[in-house]
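Quick look at what TrEMBL lists:
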| type | residues | note |
| --- | --- | --- |
| COMPBIAS | 1-10 | compositional bias 'Basic residues' |
| REGION | 1-72 | region 'Disordered' |
| COMPBIAS | 29-40 | compositional bias 'Pro residues' |
| COMPBIAS | 45-59 | compositional bias 'Polar residues' |
| DOMAIN | 82-249 | domain 'Bicarbonate transporter-like transmembrane' |
| TRANSMEM | 142-169 | transmembrane segment |
| TRANSMEM | 189-210 | transmembrane segment |
| TRANSMEM | 222-243 | transmembrane segment |
| TRANSMEM | 255-276 | transmembrane segment |
| TRANSMEM | 288-307 | transmembrane segment |
| TRANSMEM | 347-364 | transmembrane segment |
| TRANSMEM | 385-407 | transmembrane segment |
| REGION | 432-451 | region 'Disordered' |
| REGION | 459-512 | region 'Disordered' |
| DOMAIN | 513-654 | domain 'Bicarbonate transporter-like transmembrane' |
| TRANSMEM | 556-578 | transmembrane segment |
| TRANSMEM | 598-615 | transmembrane segment |
| TRANSMEM | 621-638 | transmembrane segment |
Amino acid sequence: MTSTHHRRPSHSSTSHNLPPLSPSISRPRPIPPTNPPEPPLTLLHSTTSPITPYRTSSHAPREDDDEKGKRKRKWWRVRLGSGMYNDIRNRIPWYISDWTDAWNYRVIPSTWFIFFANVLPGLAFSLDLIETTGQYGVQEVLLSSFMAAFVASFLGGQPLLISGVTGPITVFNKTIYDIFENKENGPNYLHFIGWTYLWAAIFHWVAAVMNAVQGLRYVTRFSCDTFGFYVAAVYVQYGIQVVTRQFGQTSTPSAFLGIILAILTLVLPHYFNSLAKSGYINKHFRRFCADYGMPITIIAMTGLAYWGRFDQYVLENGMTLPTTPTSFQPASDRPWLVRFWQLEGKWVGIALPFGFVLFILFYFDANVSSLIAQGSEYPLRKPPGFHWDFFLLGITTFIAGLLGIPAPNGLIPQAPLHTASLVVMGYEDDSATSSTTAISPTPERSSLDRRETQMDIQLGEMENGNGNNLSKAEQNGLKRRTSITTNEIRRRDRPTEGEDITTRNTKRDEDRREVPVAVVEQRVSNLAQGCLCLILMTKPFEHVLGLIPKGVLAGLFWYMGSDALLTSGVTAKILYLIKDKRATSPSEPLHNVRKSRILWFTIIELIGFGATFAITQTIAAIGFPIIIMLLVPLRILIVPRLGFSEDELAILDGAVASPFTMESVGGSI
């Protein structure tokens, strides 16, 4: 029986020396490119690296070994803390490289992009809490974002995960306020929230110690797509709320100015993205549009609001973010420390179920955002840390209750956007043995490659003595045709007269498609955007923050929500159903699924989204995390019984992350 205790096979001399993984990580992961980009990478220096496939190991455990291990391990026997131990053990060898790998150009645009994508929506989400409860302000939101970034950067198992103030936590906190607002002898709001956060933190710690995060193995793209669709819809809804409320807070011309700014803020980033995907100008310009399109839009639209005759309207009260008069001062002039232990005993018990609901929300939201940020479409090479990160989330939740700030949580879509902004692009290799990515070659090239491959196979059979069925004349003819084909390929690839090698290589690069070859996995970009949040808490910069019109924030909501909707798996299936089949790619996997099953699967996803969205519009919004969690058993227990074949479910649904990432939680189903 082969042993599962093995080290990752060593790479060639040009590869990085990778730290060994613990025995708990037994599945293969994509090997780093054989010629990784030398830092610092700039826009003027692109990489040319192949996409290497998963490497299978001869030491991988057999299925019968796994079954024997499962039979020996009783269900009630839990190795307390083993998940956290393995996460720490696997991640520690990479800790130094997490800082040194940040010497890369991709970190700069990623920091600015995720800073704007994190802090501004967080502040806009908190407008409900700021204007309704009076217990929170801009300072609390900024401090929450900084705390999450600081903990994830220095202690986190997956530093790429971006955490901050989300829409679900603002819905949760506001619902609690609405429940007790008009209640006689009700509890002190921040004291009650403090106990709620403490109970939730305890549940986090118990779950992490009991390895309960392994439940993520049952989370598939069905649950993630449905939840992501809900979050995107919440972004659009909040943007609408921001602009409509201005009609009651400001004059009518000012409110219409907010709508104009919102529409422009929605359209311009999409225009930059379209330029980035087009073939105009050059690739450096296109990458610049992708990196800085959204920050440029926010700065430009804020400046436009103060230009010309708009000035008198944007300066009205209620048109911009509310700020505090002094730096590092919480709202309502309270002290930073919340003495929640002074809460009356009966309210401590009542806070327990609220804490459990918050635990359910964070269990799903934080872990799903981490899964999506480590999706299989990103060529990651460093191990995850689900158990340890969930334990740390309990610590930040407790600290948030102690300071009276909104609890930070994993962000969707910011977390996967952060990973995507750190992707290093390279060109596909011509060699079929070094790339598993599908290439669409020219007919001439494809024909030549097929002819050469077939001839190589036949020649190989001849050399191995398997070509005895060919006559001597046929063998000589085959050799001549092989020589002619080889010379034809070499002549085609040889530079023409007057053409240097550099020009020839440039043309070849233009003919090949750019693909992700690596991700700059480091801790600096998360820490830097958190430090920028801390800087904004100082008076000069908070004043600048207070100049941003609410209409710009609404447009940012619409852009992020619409972008998430357009890239959602739910939307992809809807578009496939209404699209002419002749307009779809012949290689589209959905061609192998009955349209009735695609329609039925999409309807189930929309029902899950509708139920979650509907409950958040009622006083029962406090229970929406339970609806979200029910998506998992719905997919596992009910959907397979609705007439889907295994092959159809494999196409319509699947694991979110790569096998290597999922191995941390026991593999995917």
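Yeah, the Cβs are placed from backbone N, Cα and C, and that goes for glycine too.
Quantities reported herein were computed from a predicted structural model and do not represent experimental measurements.
Just going by CB pairs under 8 A, the stretch in 189-210, 288-307, 556-578, 598-615 that sits most against the transmembrane segment (385-407) is 189-210. Residues 78, 80-81, 83-84, 133, 135, 173, 176-177, 180, 334, 338-340, 342-343, 347-348, 350-352, 354-356, 358-359, 362-363, 387-388, 390-391, 393-395, 397-398, 400-402, 404, 407 of the same chain, all 6+ positions outside the transmembrane segment (189-210), place their C-beta atoms under 8 angstroms from a C-beta of that stretch. For the domain 'Bicarbonate transporter-like transmembrane' (513-654), residue counts in helix, strand and coil come to 104 helix, 7 strand, 31 coil, using DSSP.
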